């Protein structure tokens with residue numbers, strides 16, 4: 001049951017040098033993961049300023065977010081499989097360099113179209129970077145106890161990175177300008193690239209294997225249609241012909257994708273990856289958790305800034321307790337207990353705690369006080385997310401053959417992206 005109990009994937013042992021530097025390698029991987037997760041929310045804080053500066057219309061404003069999520073969510077499976085084919089370290093470095101270059105273009109944008117293009121390019125390279133980072137972590141840490149610690153740190157960043165994005169975005173927007181919400185990725189990427197060359201080791205890719213082109217077209221096309229459908233559901237309405245057509249197209253393409261994967265000689269996503277019950281449960285849990293998390297972040301940002309009148313910096317700082325609770329839940333509780341109790345005994349209480357925090361928030365009014373009513377809910381939700389994310393990442397990637405670790409990691413990230421798209425669409429629909 002426990003991911004940490006089945007974490008060893010077999011194959012030759014890692015080189016001694018890799019073992020000696022594995023914790024520093026974790027720092028490099030964590031930096032890359034933090035950069036990708038930060039970008040999901042940091043731009044939200046900068047969006048009003050960017051809209052004014054670039055004379056962006058309200059109708060087009062959403063494309064700053066949509067361009068990124070479409071490229072990221074739609075290309076993750078391809079990015080994960082490419083990492084398996086050509087090598088995870090190589091795609092990790094390519095993803096970092098490309099993401100930094102796209103961030104520089106976005107920060108220097110002089111038109112809205114230039115910013116949209118840069119955000120789409122960020123999404124493309126994030127789709128290469130994110131699964132490479134997680135699969136490198138999976139193949140670097142195979143000892144059960146070390147795996148628990150490593151995934152505890154990774155899970156803490158995955159869960160709290162969005163909240164950290166609000167803090168960093170608020171500070172940069174208020175004291176510098178919105179462009180620094182994109183430029184900030186450049187020094188992070190530079191440090192990570194240097195660290196990757198010095199510290200990361202990886203088995204060679206499987207370049208002799210062929211890429212499943214029909215699978216890429218069907219799978220990535222279906223995911224793009226699904227994510228785009230959710231992004232258009234709020235402004236157009238759930239019954240709009242375009243939205244219904246996108247959802248219909250997504251169903252057809254994804255159904256055809258599954259059918260093709262049973263027949264493809266080298267499938268993009270080997271179905272045994274998702275047929276294993278524990279792993280499939282982790283994918284579903286991740287998607288459900290992120291639906292609530294993204295909805296929460298959007299709602300709380302609006303509530304704190306518009307209803308309570310908080311500044312961007314104060315809004316970001318208001319999320320600090322949530323971030324701290326996620327870190328505690330992931331690194332101090334889940335990482336310690338997972339080798340002994342298994343994932344279910346952590347994920348179920350974690351989801352219940354997070355749900356309890358959300359129930360508390362349903363009692364908020366326009367006169368609610370932060371310390372008395374909002375803070376307890378944030379602490380409960382943070383602790384619940386920390387208990388949930390760490391075992392999800394560890395269990396979902398445990399026991400996977402090295403040749404499939406990239407696409408498995410991509411499937412975890414895809415669950416996050418689809419969940420985030422659903423959560424955003426549902427929150428915007430309910431709140432408007």
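Backbone N, Cα and C define each Cβ position, glycine as well.
Because the structure is a prediction, the values reported are computed rather than measured.
Copied over from TrEMBL:
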type	residues	note
DOMAIN	25-432	domain 'Major facilitator superfamily (MFS) profile'
TRANSMEM	23-43	transmembrane segment
TRANSMEM	63-80	transmembrane segment
TRANSMEM	92-114	transmembrane segment
TRANSMEM	120-139	transmembrane segment
TRANSMEM	151-171	transmembrane segment
TRANSMEM	177-199	transmembrane segment
TRANSMEM	211-230	transmembrane segment
TRANSMEM	242-260	transmembrane segment
TRANSMEM	281-304	transmembrane segment
TRANSMEM	316-338	transmembrane segment
TRANSMEM	345-362	transmembrane segment
TRANSMEM	374-393	transmembrane segment
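Listed stretches 120-139, 177-199, 211-230, 242-260 were compared with the transmembrane segment (23-43); the greatest number of C-beta pairs under 8 angstroms is found for 177-199. Regional average pLDDT for the domain 'Major facilitator superfamily (MFS) profile' (25-432) in the model is 85. Among residues of the same chain six or more beyond the transmembrane segment (63-80), those with a C-beta under 8 A of the stretch's C-beta atoms are 39-40, 43-44, 47, 50, 56, 91, 95, 112, 115-117, 119-124, 126-132, 135, 216, 219-221, 223-224, 226-228, 231, 268-269, 406-411, 413-414, 417-418, 420-421.
Counted over residue pairs separated by six or more positions, the transmembrane segment (92-114) shares at least 3 Cβ pairs under 8 angstroms with the transmembrane segment (177-199), which defines the two as touching.
Using a Cβ-Cβ cut-off under 8 Å and counting only residues 6 or more beyond its ends in the same chain, the transmembrane segment (211-230) has close neighbours at 66, 69-70, 73-78, 81-82, 85, 243, 246-247, 249-254, 256-257, 260-261, 264, 266-269, 414, 417-418, 421-422, 424-425. Beyond the ends of the transmembrane segment (345-362), by six or more residues, the same chain brings 285, 288-289, 292-293, 296, 299-300, 329, 333-334, 337-338, 373-374, 376-388, 390-392 to within a C-beta distance below 8 angstroms of the stretch. Residues of the same chain lying 6 or more positions beyond the ends of the transmembrane segment (374-393) and with a Cβ under 8 Å from any Cβ of it are 2-3, 134, 148, 151-152, 154-156, 158-160, 282, 285-286, 289, 293, 296, 300, 318-319, 321-331, 333-335, 338, 343, 346-347, 349-358, 360-361, 364, 368, 412.
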